[in-house]
Amino acid sequence: MKSIKTQMVVILNCISIISILLVGSFASYDLFSENEQQIAQYRANLQDSVDHEMRTQVEMAVSFINKTYKEQQAGSLTPDQAKLLAADYVRDLRFGDGNYFYIDTEQGVNVVLMGRDAEGKSRIDAKDPNGKLYIKEIIANGQKEGGGYTDLLFAKPGDTNPLPKRNYSLAFKPYGWVVGTGTWIDYIDTKVAEQQKIADGNLHASLLRMLLCMLLIQIVLMFVATYIGKRFAAPIIDTTEQLNRFAQGDFSHNGHMALNDRTDELGQMSQALGIVHKNMNELIKKIAGSVDYVASSSEELTAHADQSAQVSGQTATSMIHVAEASSKQVDLVKSAAEHVETMSISMEEISMHVVESGEQIESATGAAQGGSDAVERAIAQMALIESTVNNSAVVVSKLGAQSKEIGTIVDTIAGIAGQTNLLALNAAIEAARAGEQGRGFAVVAEEVRKLAEQSSESAKQIAELIGPIQIDTAHAVATMEEGTKQVRIGTEVVTNAGDSFKQIAVLVEGISNKSNQMAEVITTMALGTNDIVMAVQEIDTMSKNVAAEAQTVSASTQEQTASMHEIADASQALAQMAQDLQEAIVKFKV
């Protein structure tokens, strides 16, 4: 059978291991999720950077075409001159790593394509390796409000391997043109793969640190569990040993006195056992004293009976005229016999009460054992409540920290977005006032405004992090409810322990009552013994007075002698009963 200390240590270690594994699992899941989000955000940032650069360059090209168109309207250029000037400008325009621009009409006829033979020809039906009509899609996206992006597969110059390429197009409606540019984005996958490798290395390092921390915490918790198990199990083991000694009749040692200073249930149990020990000690000592007195009295009675027999033998030659005295002597002997009989009955009652007292003691031992079991269950329940409340405190603390951090981040981003929007608005107003000289500044102001919109979108994404916090809050509520349930169970167990000790009090009271009855019986027996002594003494006196008449009362003396033998036999029986009672009392150690 496993000790309660071992059981408590095993249970506490299991609880701590499960808790640490759960926390580690949730933390690992968060790390993996955060890693994936960072990679996705990195890819999105690269994509946005490419899109932003292409859009800015196309808008600048369209802005120059619009400038020539206004000169045409002012009469400085003819329509053909204006279109030729704009086409030549766009044809020679480059950005980035040799990225170029192209212009197609709304009908799909190419106007500008680095001076290649395709200029002046329709390419509306051009397809990429996947069969996509990319020219038609570029024109359709460019005619949208604000332009649009088109993805396709296209080989780089001098290469036949088609690679992903992203295009941006924007329509210039006065000429019916769609201006566009594109860039290959295969390098994004390479950069994302490099970033993924770095992020994976950081993730593995974080997981290793977390594992080491979990291991260290578990080692500390193991020592704590061992200490708690020893602290709570030691008093219970001591109590069990004391009850076992009581069950074996050993009341010579009270090992629970050291626990009397405790104010909890263990202290109360120790005090109750101390009272039981004290009462049983006093009871057994009183019974032992009474038995010694009975044995001594029976020995004296036997001695007097022997003396009376000797005196009766000497009166064999007594005179006849002492018959009357002899008759009185017979009456006294009968009275002595009655007292001896009373003593025998009393001794039987003593024996019965001693047996009943033994049964009461056994019942008290069983009830005390039940109280010990109830206390053990109460301790186990209290330990479980403590674990549940600790888990709830950790969850609530975590949620509070996350909520505070998220609130700070969201407020900061919202403030920055608001200020950025205000600055973009002011910049747009100033650019409008500056006219053509402020057009480039207007483009920058528009980019600032878009950055503000992206900041607002980031604030929305951060707000979505509040969802997991709500889940943690629900988990905290469930944990608190479980703690309340365990408290209720613990209360019931402690109540059962109280009932068990009430039964012990009732049994001890029964033992006390039986002891009082035994004292009364022993008192009666002592009185009867005194009467016997007095009667024998009176018989001895009368025997001396009639010594000279012994020959005449021979017959009466023989009868008296027989009576004395009966008294001696009764005294011996009483001595045997006292000896048996002493042997029973010896089994109890005080």
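Cβ coordinates come from backbone N, Cα and C, glycine included.
What TrEMBL records for 230-285 is domain 'HAMP'. On the 0 to 100 pLDDT scale, the domain 'HAMP' (230-285) averages 72 in the predicted structure.
The domain 'Methyl-accepting transducer' annotation in TrEMBL covers 304-540.
Among the features that TrEMBL reports, transmembrane segment is placed at 9-29 (among others). Tertiary neighbourhood of the transmembrane segment (9-29): same-chain residues 207, 210-211, 214, 217-218, 221-222, 224-226, 228-229, 380, 383-384, 387, 391, 394, selected by CB-CB distance under 8 Å and a gap of 6+ residues from either end.
Annotation source TrEMBL lists transmembrane segment at 207-228 (among others). With a threshold of 8 Å between CB atoms, the same-chain residues lying at least 6 positions outside the transmembrane segment (207-228) that come near it are 8-9, 12-13, 16-17, 20, 23-24, 27-28, 31, 383.
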